[in-house]
Amino acid sequence: MLLGSHVSMKGKEMLLGSAQQAAEFGANTFMIYTGAPQNTRRKPIEELNIPAAQALIAAKNLGPIVVHAPYIVNLGNTVKPENFKFAIEFLQQEVIRAEALGASQIVLHPGAHVGAGADAGIKQIIKGLNEILRPDQTAQIALETMAGKGTEVGRRFEEIAQMIDGVTLNDKLSVTFDTCHTSDAGYNIREDFDGVLNEFDHIIGLDRLKVIHLNDSKNPQGAHKDRHANIGFGEIGFDALHGVVTHPQLVDVPKIMETPYVGKDKKHNFAPYAYEIAMLKKGEFDPDLLTKIEQNEGRL
């Protein structure tokens, strides 16, 4: 199974540190932001420590590598033209960075219409993607299924399909399926994942599904909240999420966790991923998992 998590990329180690962290978690794939997800400040490509990282990635047989674009980039904005222009320019450079890092997929929250309406937002996203995509690019932009919080677009499979259909170079587009977002959007991941997957296949096509964000949800189906929970400790539950990980139609799709750190406060919290990966590989829910993570400071 292709199973991993978000890992950090920072300091002097950069991508090498990301690969080391993924290996320590017991992962065989991983996702990174090219800088802080809350801003768009980025280091030059030559400072990302790529050659040293590539050697470790090959030695540990890690991959595919997934890049996540920052949250604050909004291609759906028709209200502020300067924000839309900035989003295009940033994402053009993000594609170049992702390719240099060896990433095959760039996860992108499609955008929010900020009050102009979903149709206007979708048209603007299509316009932006048509400016960003290059015929020769190797990394795909993987539009993420959204929870429908606020004015987000992409909460329904039909909206994602509309974006893809409107883009000229849509062979450069794929989809990230987030289990928390999709449940929060109203799809029954907990009890009928096969049915949801069949609907996705009918509307978008399974050949477009290139990344899965494997997250439990703190809120019930249809809540439109987007609050991730640790695997098995939310409203979707362990059995359903383990079923996603082991699904025969999704063997070659990387499953990436973005579950919350565990601890009493922000100064004393620990990455859950080594434990969650081990639990999913074992196939048995551990109700004491969060206590163990905190007691052992995230180390197995």
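Any Cβ shown, glycine's included, is placed from N, Cα and C.
The Zn(2+) 3 site in Swiss-Prot is built from Asp226, His228 plus one of His113, His181, His202, His268, namely His181.
Here Swiss-Prot has Glu144, Asp178, His213 binding Zn(2+) 2, and the candidate from Glu159, Glu235, Glu258 in that same listed site is Glu258. Apart from His68, His109, Glu144, the residues listed for Zn(2+) 1, the same chain places the Cβ atoms of Ala69, Tyr71, Val107, Leu108, Ala142, Thr176, Asp178 within 8 Å of the centroid of those Cβ atoms. For Glu258 (Zn(2+) 2 binding site), the binding-site residues whose C-alpha atoms fall inside a 10 Å radius of its own C-alpha are His228, out of His68, His109, Glu144, His181, His228. Straight-line distance linking the Cα atoms of Glu144 (Zn(2+) 1 binding site) and Asp178 (Zn(2+) 2 binding site), rounded to a whole number, equals 7 Å. Secondary structure at His68 (Zn(2+) 1 binding site), as computed by DSSP, is strand. DSSP assigns Asp226 (Zn(2+) 3 binding site) to coil in the three-state reduction, placing it in neither a helix nor a strand.
When secondary structure is read from DSSP and collapsed to three states, His213 (Zn(2+) 2 binding site) falls in the strand class. Comparing His181 (Zn(2+) 3 binding site) with His213 (Zn(2+) 2 binding site), their Cα atoms are 9 Å apart once rounded.
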